[in-house]
Every structure is written in structure tokens, then in C-alpha cells.
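Per Swiss-Prot, the features are:
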ACT_SITE  ASP254  active site, proton donor
ACT_SITE  HIS277  active site
DISULFID  CYS256-CYS273  disulfide bond
DISULFID  CYS391-CYS397  disulfide bond
CARBOHYD  ASN59  N-linked glycosylation site
CARBOHYD  ASN184  N-linked glycosylation site
CARBOHYD  ASN224  N-linked glycosylation site
CARBOHYD  ASN262  N-linked glycosylation site
CARBOHYD  ASN274  N-linked glycosylation site
CARBOHYD  ASN301  N-linked glycosylation site
CARBOHYD  ASN328  N-linked glycosylation site
CARBOHYD  ASN365  N-linked glycosylation site
CARBOHYD  ASN368  N-linked glycosylation site
SIGNAL    1-15  signal peptide
Amino acid sequence: MKFFTAALFASAVSAFAVDSIIPGARVIPATDTLELQHVGAHHHKHPNRRTVTIRSSRNDTDDVSKDFLWGISRANHGGRLLLQKGKKYVIGKKLDLSFLNNIEVQLDGELKFTDDVPYWQKNNFYYSFQKSISFWRWGGQDIKIFGSGVLNGNGQRWYNEFAGQEILDPDNTFYRPILFVTENATRVSVEGITQLNSPCWTNFFVGSNDVSFDNVYIEAFSTNASALPKNTDGFDSYNVKGLSVTNTRVNVGDDCFSPKPNTTDIFVQNLWCNGTHGVSMGSIGQYPGVMDIIEHAYIENVTLLNGQNGARLKAWAGENVGYGRINNITYKNIRIENTDKPVVLDQCYFNVDTATCAEYPSSVNITNITFENVYGTSSGKEGKVVADLVCSPNAVCSDIHLADIDLTSPAGSPPVIICEGIQGDIGVECQSSTS
């Protein structure tokens, strides 16, 4: 029996309307969705909170980091920091906000980081997982961020200078900050805001519990066609219990939603993704001798447009990798349009060639997975194949079920579902990759 059912969660607004959008282009949401994204004003749950304001920046080099830290400290323990509409607040110094307890931040203006690459590469919070860094870290308990404003990562310079490089290259030393990070935080909610142009991942939750995002719009775009945003995932997590994303739109060049190792109790509802690498479980199993898990995820009412992947499970293979499990995952009501691989189990991650994957297969077990009511069209890049589920010979893949799959390919019909190494009946006709 699945850990999650839709009845366990409050009903949300109906699924988003779908527009035809060019990958990588800026997206202006439809009017009804725009209203969903900027609802901060009615999220006043504590109207009697004391309100703290700080001075705004005079220009893009007027750093108000000290003022922001002062305001956060004053609003802590029951107050609210108000960042006013029509005003800009420039942050040019790293901030340790790990001391928070019962605080609201009402972001109606623009909170913008400087693009001083040399400074940020020397002054940041570092996480060994995939060599991640951040501008700041938020920690503590009962933290609420809401409003109609913008959290701006000012990523263009980062995109320009990182062009041609890869985040997972062992020789990479050009680290780029993550826009929003929680560490050792409990009960964090973010509502209504826009997150714009993160230099790297947009959100990363570390060692945190009960994190929720609702009615958020995430976008990363470049004004330089030869330096597109890279690795600007919408959501990433590490050692997290309780992660909820609802009524949210994501227009980035990498994973739309991608919990990383040891993330459990996941709920996603009404998520719209354009130009992404999909709604992915993982990657996990990257580090030698380390056991990773992702389990108990319920994902429903998702639209995936113009991307590389749709519903994806990904695990590392190779000579020096780890092991673990992806377990108890449900994808339900998933709309696919112009997507290369609508449903995919990738156990040859990251960029592992066929020979190496065969010699050093993944040791991540894949169990209790449901894909239900997945419909739409692939891009045709993989020919007639619309689902590719090939299990590693070094792993157990069992209780994997597909139901109500209505996927087509512009490459022709009938559509093809590939399955190999999976124990039991998957519920639909499938064939081996060598057929």
C-alpha cells in the first residue's frame, strides 16, 4: 500500500492551463496562474505581529546586508520583516541566518544578490554534496517567507563565466551559489514569491524537516544565447523528511523537481515544468560505499513541456559509486508534451557509457513504483519509444506498475515501452531494448 494518498492532503486549485512554449524562452504565465503566484497579501496568518522595516538600496551596488541581518534579528521570535513593494534590497555579503525561531518575512519588493563572482567564490557556505555553495543559509524553526516579490540571484554573469563547463566534472572549481538554502530547519514555508535567475540550483534543503512551497514561480533565463543557465534545478534536497511543492511553475534548464539522497515523505501537486530535465527521483548512489534512499513520494497533476525527461528515476553507475533504494513512489496524472523521454528509469547516471554501465552496474534497488494516467506526446527524439524502464542487473526492480498510459510519438505508431530486468508484470505490453 502506498504511503501517500491524495486524501491525506488538502485539495488544491485545479491543474494549470498549458501553453505551447519555446524551450529556454522567458515565460509570462497565463493570467489565472499569475494570480496564483502573487497571493502573498492574503497569507497574513498573524496580523498582530510586530513589523520591522529596513532601508532599501539606492542602486545595484548599495549593499544592505547589515541592515537585512539587523531586520531579521529584530523580527525574530514572533515578528515580521517587511521588504516593501517597489523597493530593491541588494545583498552583497554572505549571511548566516541559522538562528531563526517563529519569524515571517514578507517579500513584496526585490531581494537581489550582487554578481561579484570573486567575492562569492571566496565567501559562501560550502556543502560537500556535489560541491555546492550558497549565498546564505536559513535555519531554525517556524520560518515563513511570503509575498508578491522577487528573490533574484542575478545569474547572468555566472552563466557567462560558467559556459562550457560541467558541474559534475571532477576538475570543476567554478562553484556557483544556490539561491535559497535551508540547513537544520524545521517547518519552513515559502508562498507566493518569484525566484529568478539563480546561478546554480534554485532551492536546496539540507538536514531539514517539513519544508513547503506553494504558489511559487521559478525562472532562469539568459540574455546570452551562448551561455544558457545550467544546473538551475527548481528543487533539490539532502537528508530531508517532509517536502511539499504545490501550485508552482518552473521554467529552468535542468530538473524541475529533484530530491537527492535521503529525502522521504514527498508531496507534489499541481506542478508545471517547461524546458526541464523532468520530475526526477535522484540522483542517488553517487558516493562510494554510501547508502542513499528516496522513498514515500506522491506526485500528481504535473505538466511537463519541451524537456529532456518527464517522470524519471535516476541512479549512479560506475566503478566507484554507492548503493541504496528508490521506493514507494507514485506518479499520477502526468501530462507530457514534446518531451524526449516521457517515462524513464536511468540507472546509468551520470553520462556513463553503455560499456562502463555494463561492467559497473548500479546497485540502487527500484521498488513499489506506480505510473498512472501518464498521457501526451514525446518529442520523437527516441523514435517510437515513450517509456524506457531498464533495470540494472546488479539491483532489484520489483512492483513497478504502469496503468492508463496514453503516450504517443511523432515518430510513428504504435508507441513502444521498453522494459528489462523488472520482476513481475508491469501492467502494460513492453519489449526489450534489443527487440
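A Cβ is built for glycine as well, from the same backbone N, Cα and C atoms used for every other residue.
Locations of recorded Swiss-Prot features on the structure.
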| residue | record | Cβ within 10 Å |
| --- | --- | --- |
| ASN59 | N-linked glycosylation site | 7 |
| ASN184 | N-linked glycosylation site | 15 |
| ASN224 | N-linked glycosylation site | 11 |
| ASP254 | active site, proton donor | 25 |
| CYS256 | disulfide bond | 31 |
| ASN262 | N-linked glycosylation site | 19 |
| ASN301 | N-linked glycosylation site | 22 |
| ASN368 | N-linked glycosylation site | 19 |
| CYS391 | disulfide bond | 22 |
| CYS397 | disulfide bond | 25 |
Densest Cβ neighbourhood among ASN274, ASN328, ASN365 (glycosylation sites), 10 Å radius: ASN274
Cα distance (Å, whole number) from CYS391 (disulfide bond) to ASN368 (N-linked glycosylation site): 14
Residue pair ASN328 (N-linked glycosylation site), ASP254 (active site, proton donor) - Cα distance, angstrom, rounded: 24
Residue with minimal Cβ packing [other Cβ atoms within 10 Å] among the recorded positions CYS273, HIS277: HIS277
Mapped DSSP class for ASN224 (N-linked glycosylation site), helix or strand or coil: coil
Candidates ASN184, ASN224, ASN301, ASN365, CYS391, namely the recorded positions, that fall within 10 Å of the residue listed as 'active site' by Cα distance: none
When distances run from the Cα of ASN184 (N-linked glycosylation site) to each of the recorded positions ASN224, ASP254, CYS273, the nearest one: ASP254
Alpha-carbon distance [ASN365 (N-linked glycosylation site); CYS391 (disulfide bond)] in Å: 9
Top Cα neighbour of ASN262 (N-linked glycosylation site) in the set of recorded positions ASN59, ASN224, ASN274, ASN301, CYS397: CYS397
